[in-house]
Amino acid sequence: MGSSSFLVLMVSLALVTLVAVEGVKEGIEKAGVCPADNVRCFKSDPPQCHTDQDCLGERKCCYLHCGFKCVIPVKELEEGGNKDEDVSRP
């Protein structure tokens, strides 16, 4: 195997590894649930986060008050909330 073939193989392996690790990292969801959000919005704000991993510490990426933001989660869903609200993530 020539040195150029070896280099192409090593670069390909490195890229596959990086993509695989990034995919695993994004799938991790932090503990707790998003607070109930009963605010009606005419227009959504730009997202401040996309996944829980974008948020520092224990904060989760939740749709709250017209946009995705990093917020402190609640242990249980508050009365009047909808546990399925979390499925609207982009």
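Placed from the backbone N, Cα and C atoms, the Cβ positions cover glycine too.
Of the cysteines listed (C66, C70), Swiss-Prot assigns C66 as the disulfide partner of C41. A disulfide bond in Swiss-Prot ties C34 to one cysteine from C61, C62, and that cysteine is C62.
Only C49, C70, of the disulfide-bonded residues C41, C49, C70, have a C-alpha within 10 angstroms of the C-alpha of C62 (disulfide bond). Most Cβ neighbours within 10 Å among the disulfide-bonded residues C62, C70: this distinction goes to C62.
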